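Structure first, then comments.
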Amino acid sequence: MDRRKTESSAKRQILTALIATVPTFTYGIQIGWLSPMGPLLKSAATPAQAPLSDNDISWMAAALPLAAICGIPFFSYASDRLGRKICVILVSLLSCISWTIKLTVIMPPALIAARVIAGLAAGGCFVVVPVYVKEISEDSLRGALGSLTMTVCKLGVIFVYAVGMAVSYKVNQAVYLAVACVHVVVFCFMPESPNFLLKVGKEKQAASTISWLRGLDKNHKTVTGELLKLKEEQRQFEEMASVTLISVVRNRTTFSALRMTLMLMAMQTLSGCFALMNYAADVFRRAGTEWSPNTLALFMGSLQLAGSFFTTVSIEKFGRKIPLACSSLVVSICMTTLATCFYLGTGVVSWLPVTAVCVCILAYGAGLAPVPMVIMAEVFTFQVRARMAGASMAFSFFCSSMTVLFYTPIANQFGAYVVFYTFATVTLFGVVYTIFCVPETKGKSLEEIQKYWKKTEPVFV
């Protein structure tokens, strides 16, 4: 009986988490959308009134990450005021608006506006979804379900590459619009986060939500135990002053957790993998491999998905530190290999840089991409979780933009090998930082995790 209840509990949490991560799937579609659609919009066969210019496409590419930075503070605030569930629905509603514009008004200003709206949704996506998934998950499933965020995102990238090559422009937009619309309807029937319900004084509903998610009676000791933990966290929150920048800095555990998550985001974005994915075609071209842009993009996305899937199924076995440290080490080795290949020039065998790129992207997807997102959702108390996640994601988007922006001028000025040796150094530092400064959070409650920063010496590493 207990085993059947445990399986039922896991299935409900997995189903809820999968439905909650649909906005990250649509974000993945938005990321990859320009790869198949950009060349079509610029061609003579464009569905627009006239072919779009390179400048139009550049603005469409830049609009999403810039708008995402603007969307982060709004959703950080709104998720604490309106609730996690409403904000997840709002993210999908913004996606619906974006796809509707792309489907009906195929003009440069409208398409750029659609990308801005998609960027606002993206900012909310990575603030609200990881927090919601964390708050509906029990400790034993938290890591696996948290890593779904990046896995589903990569699946969205692959989906748009595959669909984009197979059907017309309008069918593409209609399919993506349908996904977002269905999610809006379905998620209306999903539960609100028990943490938020308790915050707004709905204790009975919070207990009912925990009971449903765990597949247990409301009076079961597991349900009452979780509710007591949430009530204690809420009590501590009510005794605190309002959350401000000064209060965050003065609170040792919160500030230490924020400092660590910012460092993890820096490791993730300054590893160079994001830039490498943007300029992989150049690396493959230098190696003498002539693949079409869509084929290359589909291949790179598949590698990332494979790595993310490995993390999803193994993170509760290996924890957070081992995948993160091993991933960083492999990426560092691959970046060193690429840098050396660029430094030596034509004397290098053609398969070596191609292999280095493939292994690098696979390793990145298996650790550096998903694990920081999982840890980010685990280390903060309820009252600051959304805002600290927002600050971390804003920093991540900023670092990604800087990496892509300065890659080409630095590579042209000093040589590509300088850039990749720099990436290798950053990720090697990340290995050391992970081993000595990142707590293992697998299976730990929030109270146990925060003991790491409350004591002079770590209680677990």
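We number each residue from 1, going along the chain as drawn.
Quick reminder: no glycine exception, Cβ is built from N, Cα and C everywhere.
TrEMBL annotations: computationally assigned, not manually curated.
Residues or ranges marked as transmembrane segment in TrEMBL: 12-33 (among others). Within its own chain, the transmembrane segment (12-33) has Cβ neighbours under 8 Å at 64, 88, 91-92, 95, 98, 115, 118, 121-122, 124-126, 129, 132-133, 136-138, 141, 145, 148-150, 152-161, 164, 176, 179-180, 183, 186-187, 190-191, 212-215, 297, 301, counting only residues six or more beyond its boundaries.
As annotated by TrEMBL, domain 'Major facilitator superfamily (MFS) profile' applies to 16-442.
Here TrEMBL flags 57-75 (among others) as transmembrane segment. Tertiary proximity for the transmembrane segment (57-75) is limited to same-chain residues at least six positions away from its ends with a CB under 8 Å from its CB atoms, namely 30-31, 34, 38, 41-42, 87, 90-91, 108, 111-112, 115-124, 126-128, 386, 390, 393-394, 397-398, 400-401.
The transmembrane segment annotation in TrEMBL covers 87-106 (among others).
Annotation comment: TrEMBL describes 112-133 (among others) as transmembrane segment.
Taken from TrEMBL, the feature transmembrane segment covers 145-167 (among others).
Long-range contacts of the transmembrane segment (173-190) within the same chain: residues 16, 19-20, 22-23, 25-26, 29, 85, 88-89, 92-93, 95-96, 99-100, 102-103, 160, 163, 167, each at least 6 residues beyond the stretch ends and with a Cβ under 8 Å from a Cβ of the stretch. As annotated by TrEMBL, transmembrane segment applies to 173-190 (among others).
The feature transmembrane segment is assigned by TrEMBL to 260-281 (among others).
Panel annotation: around the transmembrane segment (296-315), residues 32, 35, 143-144, 147-148, 150-151, 154-155, 157-158, 161-162, 277, 280-281, 284, 323, 358, 361-367, 369-371, 374, 442 of the same chain, lying at least six beyond its termini, place a Cβ under 8 Å from a Cβ of the stretch. Look at TrEMBL and you will find 296-315 (among others) tagged as transmembrane segment.
Annotation comment: TrEMBL describes 322-345 (among others) as transmembrane segment.
The transmembrane segment annotation in TrEMBL covers 351-376 (among others). Panel annotation: around the transmembrane segment (351-376), residues 126, 130, 142-143, 146-147, 149-151, 154, 260-261, 264-265, 267-268, 271, 273, 276-277, 280, 283-284, 286-287, 289, 300, 303-308, 310-312, 315, 320, 323-328, 330-331, 334-335, 337-338, 341-342, 388-389, 392, 427, 430, 438, 441 of the same chain, lying at least six beyond its termini, place a Cβ under 8 Å from a Cβ of the stretch.
The annotation transmembrane segment is assigned in TrEMBL to 388-408 (among others).
Per TrEMBL, transmembrane segment is recorded for 414-436 (among others). Sequence-distant contacts of the transmembrane segment (414-436) (same chain, six or more residues past either end, CB-CB distance under 8 Å): 263, 266-267, 270-272, 275-276, 321, 324-325, 328-329, 331-333, 335-336, 338-340, 342-343, 368, 407, 461.
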